[in-house]
Amino acid sequence: MVDPLKIFWVLTNSTYLVTKFVRIGIADKNDSPPYFDRFLYETEIDENADLQSTVLTVNAKDHNESTNIRYQITGGNIGNAFAVQNTTGVIYVASPLDYETRPRYELRLEATRNRKNNYTTVVINVRDVNDNPPVFDRQTYRTQITEEDDRNLPKRILQVTATDGDVDRPINIVYFLTGQGIDPDNPANSKFDINRTTGDIFVLKPLDRDQPNGRPQWRFTVFAQDEGGEGLVGYADIQVNLKDINDNAPQFPQGIYFGNVTENGTAGSSVMTMSAVDYDDPNESTNAKLIYSIEKNVIEEETGAPIFEIEPETGLIKTAVCCLDRERTPDYSIQVVAMDGGGLKGTGTASIRVKDLNDMPPQFTKDEWVTEVDETNGTYIPETPILTVTVQDEDETNTFQYKVVPNSGFGADKFAMVRNGDGTGSLKIIQPLDYEDPLQSSGFRFRIQVNDKGDDGPGGSDKYHVAYSWVVVKLRDINDNVPKFDREHIEVSIYEDTKVGTILEQFKATDADQGGHSKVAYKIVRSTNRKRQFAISDRGAVSIQRPLDRETQDRHHIQILAIDDGSPARTATATLTVIVKDVNDNAPTFAQDYKPTLPENVSGKKILEVAAKDPDDRLRGNGGPFTFRLDPLASDEIKAGFKVEYDRRGDNENGVAIISSLRPFDREAQKSYAIPIEIKDNGAPAMTGTSTLTVTIGDVNDNKMQPGSKSVLVYNYQGQSQDTPIGRVYVNDPDDWDVPDKKYYWEVQEHQRFKLDTDTGILTMRAGTRRGRYQLRFKVYDREHGQEDIPANLSVTVRDITAEAVQQAGSMRLSHITDEDFVRTWNPVKNQVEPSKLERFRNKLAELLYTDRDNVDVFSVQLKEGSPYPLTDVHFAARSATQQPYFKAVRLNGVVQMHREEIEKDVGLNITMVNINECLHEGKGKCGSNSCTSKVELGKKPYTVSVNRTALVGVRLDISAQCVCRARNFTHQDHNCRTHLCYNGGRCVETRNGPKCVACPVGYNGPRCQQSTRSFRGNGWAWYPPLQLCQESHLSLEFITRVADGLILYNGPIVPPKPEETVISDFIALELEQGYPRLLIDFGSGTLELRVKTKKTLDDGVWHRLDIFWDTENVRMVVDFCRTALVSEMEDGTPPEFDDNACQARGQIPPFAESLNLNQPLQLGGLYRQHFDQTLYNWQYAFSSKGFDGCIRNVIHNSEHYDLAFPALARNSFPACPQTDEVCLKTEHTARCWEHGNCVASLVQAKCHCQPGWMGPGCNVPTIPTTFKAQSYVKFALSFEPDRFSTQLQLRFRTREQGGELFRVSDQHHREYAILELRRGHLQFRYNLNSMRNEEQLLTLTAIAVNDGQWHVIRISRYGSAALMELDGGESRRYNESFHFTGHQWLTIDKQEGVYAGGKAEYTGIKTFEVQSDFQRSCLDDIRLDGKHLPLPPAMNGTQWGQATMARNLERNCPSNRPCSNVICPDPFDCVDLWNEYECTCSEGRIMSSDTKGCVDRNECLDLPCLNGATCINLEPRLRYRCICPEGYWGENCELVQEGQRLKLSMGALGAIFVCLIIILILALIFVLYSRKRKTTKKKKRSGPEKDVRETVISYEDEGGGEDDMTAFDITPLQIPISAQGGPPDIAACKMPIIYPVMTLLPPGQELNVAYLMEERKQRIDKDNNAPPFDDLRNFTFEGSGSIAESLSSLASGTDDENQDFNYLQNWGPRFNALAAMYVHDKAKASSQLPSDGGGGSGDGPGPGASSSSPLGGGGTGGGSGIPGNVLAVVATGSGAGPGGGGGSSGLMPLPEVDKVVL
């Protein structure tokens, strides 16, 4: 039992409880004292022993063996060094021990029990340990030696001594040094050393005290370590001072010193101070005391006296003579000597420059200056100087002041002189100049003056310092006067039937310029003449051009422009007001849209009164009163059923018609009647018109209902539809207005996916209803007839329709048919059900597309609103097979157009428009002749078409015309990755400036990964989407060919027009004819032909570019940017000449059509259309149908690049340009530039065009960007001659600044320039090509900001006065252009002074400059001028094309300023470095939650990245997403498809193939004969399994079965070839050329059903004929393969299989049932899962059974069972018999169709 008090004592360390504890009990009395075994105990302990360390345990004993003995030390414990535990006798260390203080202790130890005690002696000897480090006698040792003393080395300089406090230990101290002059790694370099035992220190080398290599003092440390270098360490400092000797001569560090002295100064003038340096000790005698003297002075020629003197002590140089003359001697050089106290000398040179005083007069470099200047434009005074004058002055320091001498000549008051920073003077205009003033037209002559005193004060009056010169200013006439009309406002009144061509008025304007001889042209402002009803002649006569209509517009305000022939032209405006008077030219009509209803079964009664209206002017008697009557031509049925009575007094005496019925009507016979009513007005002559009144017969519930059934087809858009009404439950009842009399019920119970309105019978499909077929049953009650429980059945079929199907849908508009008629299946005439027009159209379309009808979806049928007669819009989609991408809309529309007549005939339709386009009919829409885009928007709710027996619930599509040019509309908000399609597998990423396509595959180099090039062979074509309608359009393309004739492009009708339809004859055709470009274009009012007779034909095997421009009136075609134009420019200000006949053609569209309306496929390279007479469309010119042979690239319409990779339909057309690719492969560097560049080739040569950021012949050298800091710039000197007509600039940049100049080129005086700059965060390019006046042109990318910190690539292309801007590929908002050749065309570039990057430096002083438009805190990279790389310091200062002659404040690379370094973002956001800016946002792959407080996974599948019908699966943020591709597609986004290219084989190749086929047939015959012989041999040998161990069936159950020799196994069956070309080696020579896959792409896809997709993929693998194993007999499982058993013989008796659980194989699906049957021990369970219709089999071997349920058919290896035990044999092809011989049939498919079996 543990005593708790003892525990407490231990825990509290309390001796009180222990000493006071008294054990109470009864015991024997013991009064004997305790005793010790010995009288003396002796032990040892180290002096460094730890406190509490046990020294010795001494135990006393008691005669009664008592343990109650207490111990204490009573003597000898000096310093309480030890203590004893009073109960145990353990002596321990209580205080630190020190051997050197007390080496021995003799303790007296007392033991006490019951007040009886005894004593003993304990002797403790303290052992010495090394606990004292050596101690030096001094802390610092100092000594002095003389520098450079090399005598008696090494020399002892002092001795150090250290002692060890451990007195009784061996004295064995070792010394060593560290510090200055000590090199432990290489002792040979040390300056000092020490004797390790004596402490003597030696100097080893002579020491130098003096600078620059010496030192006056050496300090190092000496260490002493006892125990022979193994013990403790002590240290001391050593200081060695060096005594100086005079061993250094004085010297002048700079060698040459520069000073100044003013000319004409007095003698003794201070010039400069020369200071020499002596490194000797200045405190050591006179070693460093210097005395200066002039050793070589200059002598004054006249007197022979020295010119300069020097003060010996200070070195101050003074003039010794007076009056130095700078103009005589501008500088002097003297030699000065400095000598120290020891006589050592040093020499320096003083270069003295005489500073100038203004003591010489100025002089103009010309006596007369002549210049020519434009007259000023009104009161505007230009700031630019018109003349720069220069002055010569022998003085160096001058401050020139210029001025015009007042009253010195005519014009002196109109000009002023100003001083320039470089000392020249400029003449500026200060008052308006007017050429039209006869006095001024002859020019001006006056004097100017200059003085070099800098002011007009007293110095200016000093005639000695003033010079004069004459100035002659010639004045040029400019177009500064606007034309002036004689009459600015004219008003005329005419009747609306005035004949076309009638002249209304004559305008006349004059212009004061050119002496009144300026020509004036006249023009009507188009916005005031929208319908082009008026025209104006060259002489100003305004006439009627098109008929007028007062009812449309009764007053016209026509603005007339008078335009002079100046440059730039000036205009004046006048107004013609045309008042149109009325004539009676309109027939009256109904006053309103009457819709009367007449109940059925009612006798004759009044229906309603009808009034009339007339748009003609009633005040002129051209309106009412009206008269009415029934149209005499009305049918007899109408005449018998209705009457029309005229009431003169009705409608306020205007007259009305009273309509009445004459008999009762039956609605079930006819639902409505159209009554024609003739209305006549009161005009002279009167106008008569016929209006039709539709009377609807109202329904009465007078028929009993019969059971009915109805089928409903629902298209569920992306499976996301909400609750959707799908129509009314149908019963067969002729009445159709009797819904209030009926009640509708479910027959049994309500279906969970549908909801019924019992009052209306409307059935609603609930949200989330999946695709499939639903059979629904209802009952209907009719209270009117008392009918109950009339059955009504409803079949609902739900189909999913994808976004891809809607996007790629074709469309057509049907006339005179309603949406109900299109889907109706009941024929009331034949009184029977028949296929609807929808189904017939669907079948016909499937036939035309060569696809199954199930692959055609007619998913939207809508009745167009607002039409006077029924118009129905139909949208449809189709594909070649399930899981395949949908056909493109262009293909669907084209096929329907091509077969329109056939479809109309077979289906019974009237197709009025294919590819529904609300912009197609010019002038009928809201946009008029403006830009127009037909936009299709997805409605929020489905569109339901419900008729009695059928209903279609389709996708609602709202089509509207928007008056914008789609490509140039930058205001829409839905600019994101969902609308910004990236082609060909490119990946769309969202940026702050909108979506951007990245990771484009190689060869797809368009801005959105478009394929830019396509080739044609002369007999092909390719279809693409039609050209969009824009008010101003620009179409450009490039082509290359060696064939002189061929159709390059055509967009227009592809079928002849129908006789009764409105003909839309618009088309555009571009072709080569005899090597020259020819354009035909027709807006519908006449064909315009443009031809360009180029200097050389364009079939020269070189790429050529054609640009076609058109607006509402004008068309222009430009060839190769007009680089071949003849340009003539003079320096005297003569207007330039520009002859563009060989590069440009212009024309006007015949009136009056104003827009190119197209909705047919755009065809490139040829023509695919029906042959028809082109005169059917009234075309005045015919174009060739011969195909183009060559390549076409970069087809761009209004800055949108066409993707040429996958046309909707094509023939004999291929992506890329194989003809030029062959040229690229001919040279090594062009064949290897694909990784970071593009090979650009013609048919004769190729070169590498490097991607931005790369350079070098093979585009394999990365460029290095440069950071431009504040006040930074680079000035270049070019080593090539820039083209004056063309300028190409490309560079990369990144910035966050609002402004700055990126690059500029200019002439010497910066009057002609081209500047790329940043303004308010947007790029702009401005240029001026006229050195005489400012005619600046400006291009800006206003729709996109570029100061987002991202890298951008800008490309500027200037051709003459035309310019193009392309940012990051240049599409849509990243493109702008000015494509007009007007005025000057040349830009002169100064190669040395005119090329800058980062801003232009203006020097404000000798060493100070200021950078204008400083491009700072930004980066530039890869600057190319005319395609040539310019260097960017500091990484590169020069290339073969130029040098960076000046550069300031630049930094290599483009690092960020680490904005996240001091930012802590709140969880869960991360700080993202956006380059010089940061953002706390979510990590990659995540987006901010709706409450902006957290991050959630970004669903990349919403961007529809998976193409071609692939399924998108959203993954974790790091992995983003994954696409499951349909059959035949691959790639990250399923964008690629393998398409075998057709090979053209020569006769030699065909012969080789024929020979190979013969050899193969012979070998096949030999193989057959050999096989038959071998089979016969096998049958003879097979007498039992014991005969040959190579038999595959053995009696494994026998004792020792399977233990025979198995090494004779025939290995031949195991030699399975991996390709189909197995056989003898000779066959390899007959292999066909390899057909490499071609990457192609089909249209974007949408999500698929994953389960269905996996099933389809498995079926495809089963049917793949091209993948191994191939048709042959193979051993798929052989003995011992993949098993832990060594042979099949061990399977029956072994136990290893018992430990293996293969039951999981049963869960792998039916395709793995055979594998499960092999390994699962429960054979019955496995067999029960196999198909049940497999055939049985029989064989020669003793198989375990005859029946088989294997999907492989009956027959096993040697047995009748399909799967005998654990043995498997597979027959891949043939009759289904296994190797054992048993016959069988497949449970899955007929065996002859099986290509292979996959387990």
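In case you wondered, yes, glycine gets a Cβ from its N, Cα and C as well.
Residues annotated as N-linked glycosylation site in Swiss-Prot: Asn13 (among others).
Per Swiss-Prot, N-linked glycosylation site is recorded for Asn64 (among others).
The annotation N-linked glycosylation site is assigned in Swiss-Prot to Asn118 (among others). Packing around Asn118 (N-linked glycosylation site) is summarised by its Cβ count: 18 other Cβ atoms lie within 10 angstroms of its Cβ, all protein chains included.
Applying an 8 A CB threshold to same-chain residues 6+ apart, the list for Asn195 (N-linked glycosylation site) reads Tyr175, Ile201, Phe202. Under the heading N-linked glycosylation site, Swiss-Prot lists Asn195 (among others), citing sequence analysis as support.
Along the domain 'Cadherin 3' (253-364), the predicted structure has mean pLDDT 89. The feature domain 'Cadherin 3' is assigned by Swiss-Prot to 253-364, with sequence analysis given as support.
A simple way to gauge crowding: the CB of Asn260 (N-linked glycosylation site) has 12 other CB atoms within 10 angstroms, across all the protein chains here. In the three-state DSSP scheme, Asn260 (N-linked glycosylation site) is classed as strand. Here Swiss-Prot flags Asn260 (among others) as N-linked glycosylation site.
Summarising the annotation, Swiss-Prot assigns N-linked glycosylation site to Asn264 (among others). Sequence-distant neighbours of Asn264 (N-linked glycosylation site) (same chain, six or more apart, CB under 8 Å from its CB) are Cys323, Leu324, Asp325, Leu357, Asp359, listed in sequence order.
What Swiss-Prot lists as domain 'Cadherin 6' is 590-709.
Sequence annotations record features per position, and here Swiss-Prot assigns N-linked glycosylation site to Asn601 (among others). The Cβ of Asn601 (N-linked glycosylation site) lies under 8 Å from the Cβ of Pro664, Phe665, Asp666, Val700, Asp702, each on the same chain and at least six residues away in sequence.
What Swiss-Prot records for 708-812 is domain 'Cadherin 7', and it gives sequence analysis as the kind of evidence.
According to Swiss-Prot, the N-linked glycosylation site annotation covers Asn793 (among others), on the basis of sequence analysis. Cβ contacts within 10 Å of Asn793 (N-linked glycosylation site), excluding its own Cβ and spanning all protein chains shown: 17.
Long-range Cβ neighbours of Asn910 (N-linked glycosylation site) (same chain, at least 6 residues apart, Cβ-Cβ under 8 Å): Leu814, Ser815, His816, Ile817, Glu904. Under the DSSP three-state reduction, Asn910 (N-linked glycosylation site) is assigned to coil, being neither helix nor strand. Look at Swiss-Prot and you will find Asn910 (among others) tagged as N-linked glycosylation site.
Listed in sequence order, Gly708, Lys710, Tyr730, Asn732, Trp826 are the same-chain residues at least 6 apart in sequence whose CB falls under 8 Å from the CB of Asn948 (N-linked glycosylation site). The N-linked glycosylation site annotation in Swiss-Prot covers Asn948 (among others) and rests on sequence analysis.
In the structure as shown, the Cβ atom of Asn969 (N-linked glycosylation site) sits within 10 Å of 17 other Cβ atoms. The N-linked glycosylation site feature in Swiss-Prot is assigned to Asn969 (among others).
With DSSP states grouped into helix (H, G, I), strand (E, B) and coil, the domain 'EGF-like 1' (973-1010) comes out at 0 helix, 10 strand, 28 coil. According to Swiss-Prot, the feature domain 'EGF-like 1' maps to 973-1010, an assignment based on sequence analysis.
Under the heading domain 'Laminin G-like 1', Swiss-Prot lists 1011-1217, citing sequence analysis as support.
Same-chain residues lying 6+ beyond the ends of the domain 'EGF-like 1' (973-1010) with a Cβ under 8 Å from its Cβ atoms: 1201-1205, 1216, 1234, 1238, 1344-1346, 1348, 1350, 1368-1371, 1373-1374, 1502-1505, 1507, 1531-1533, 1535-1536, 1639, 1641, 1644. Within the domain 'EGF-like 3' (1497-1535), the DSSP-based counts of helix, strand and coil residues read 4 helix, 12 strand, 23 coil. Of all the glycosylation sites listed here (Asn118, Asn260, Asn793, Asn969), Asn969 has the Cα closest to the Cα of Asn1376 (N-linked glycosylation site). Rounded to a whole number, the C-alpha distance linking Asn118 (N-linked glycosylation site) with Asn793 (N-linked glycosylation site) is 124 angstrom. In the shown protein chains, 21 other C-beta atoms lie within 10 A of the C-beta of Asn1376 (N-linked glycosylation site). Here the CA atom of Asn793 (N-linked glycosylation site) lies 52 Å from the CA atom of Asn969 (N-linked glycosylation site).
In the three-state DSSP classification, Asn948 (N-linked glycosylation site) falls within coil.
In the three-state DSSP scheme, Asn793 (N-linked glycosylation site) falls into the strand class.
Note: the Cα of Asn793 (N-linked glycosylation site) and the Cα of Asn260 (N-linked glycosylation site) are spaced 118 Å from each other. In terms of DSSP helix, strand and coil, the domain 'Cadherin 3' (253-364) has 0 helix, 49 strand, 63 coil.
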